[in-house]
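Over in Swiss-Prot, the protein carries these features:
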type	residues	note
ACT_SITE	133	active site, proton acceptor
BINDING	126, 199, 201, 233	Ca(2+) binding site
BINDING	128, 142, 240, 244, 350	substrate binding site
BINDING	233, 253, 257	Mg(2+) binding site
MOD_RES	2	N-acetylserine
MOD_RES	92	phosphoserine
MOD_RES	309	phosphoserine
MOD_RES	395	phosphotyrosine
């Protein structure tokens, strides 16, 4: 239990302690903090208290504007920091609890802080690891018998996304312009995307990387995963449909990707590990680990249109539905010798479950625009309208506490039409 008051339904109890980067009006310098209840503990203020065997030599990582340096230190440093912070914030520990002056400087209300991207993202890769999502899309665009492509059950399919347009929660997303072909019998046209979609995803940040040419074996993959965030991989379905052959997504994806600001460490999630769905056929040996696991993370997508007093829940899903694991994704990414670096972002792909209410995109929820999604108050959607705000939340439910991720939110702005 922490000496900082934490509500039972708070995302950020002492069991969590996610890392983020924030600034305040009084101090606009981006710096690293840890969320506890509705407060932020400013690690740049207390960095001198990290006196363990690893962090005593690396206190300066908490004086950086991003988490990259801390991510790169590896598991020993992360575990040392977590144990120290849980002890420091404990109701029984006087060091910070009873130091009135230090507490005054070190704690900031989350409501008064501006959040930033947690890391400088050198590279961003998006996977396609939900079997239900891949099957749904395959049925819509091909047929039931050929829903999954021949490679899908043998490797975690992915593509390289655009790191420069990954933004933190709360950043508006402008409706993209692009080339589309709405009528197969007519030439393509240029204009504003009409089929704008959201995608419910999660992503993880890479910790220590690997040298070019040296793959990461699956037995060591967990050592390279720092923590997880929520993600909305905004998608322009009409632009994507016309452009994606033969090289895959490009402008239909690269206009914006939203992530939540707080990175939940893997040690906070391990109590919620569950067996991974059975993989059949058995993957090749380099993708096999002894006890494949995933995480029981409850996920929701809410949509609030202009004029709506309350957001409508359009999707309830769970990360445990994913087919390919994070360890397999990271291992496969490096198997050809590709070098990963601290702060790289690897995303799950759309998270869809077995029931229609578990579908993680409007493409699926509206079944390619044929079934309007009821928002209540007489409003429906097939795809996103200007002014719509999409809010993704997620948490693991413990006994009397929850490990939450905060919000991953973004509002759609109108396209910038050519003059």
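Note: Cβ is positioned from N, Cα and C throughout, glycine not excepted.
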Least surrounded, by Cβ count within 10 Å, of the recorded positions 92, 257, 350 is 92
Restricting the comparison to the binding-site residues 142, 201, 244, which residue's C-alpha is spatially nearest the C-alpha of residue 92 (phosphoserine)? 201
Provide, as an integer number of angstrom, the distance between the C-alpha atoms of residue 2 (N-acetylserine) and the residue listed as 'phosphotyrosine'. 20
Residue among recorded positions 2, 240, 309 with least C-beta crowding, 10 angstrom cut-off: 309
In angstrom units, rounded to an integer, how far apart are the Cα atoms of residue 126 (Ca(2+) binding site) and residue 240 (substrate binding site)? 15
Sort out the sequence-distant neighbours of residue 253 (Mg(2+) binding site) for me: same chain, 6+ apart, CB within less than 8 Å of its CB, listed by position. 126, 161, 162, 233, 234, 235, 236, 240
Within 10 Å of the Cβ of residue 199 (Ca(2+) binding site), how many other Cβ atoms can be counted across all chains shown? 27
Spatially, which candidate from the recorded positions 133, 201, 395 is nearest to residue 244 (substrate binding site), comparing Cα atoms? 133
Closest of 199, 309, 350, 395 to residue 257 (Mg(2+) binding site), Cα positions, recorded positions only: 199
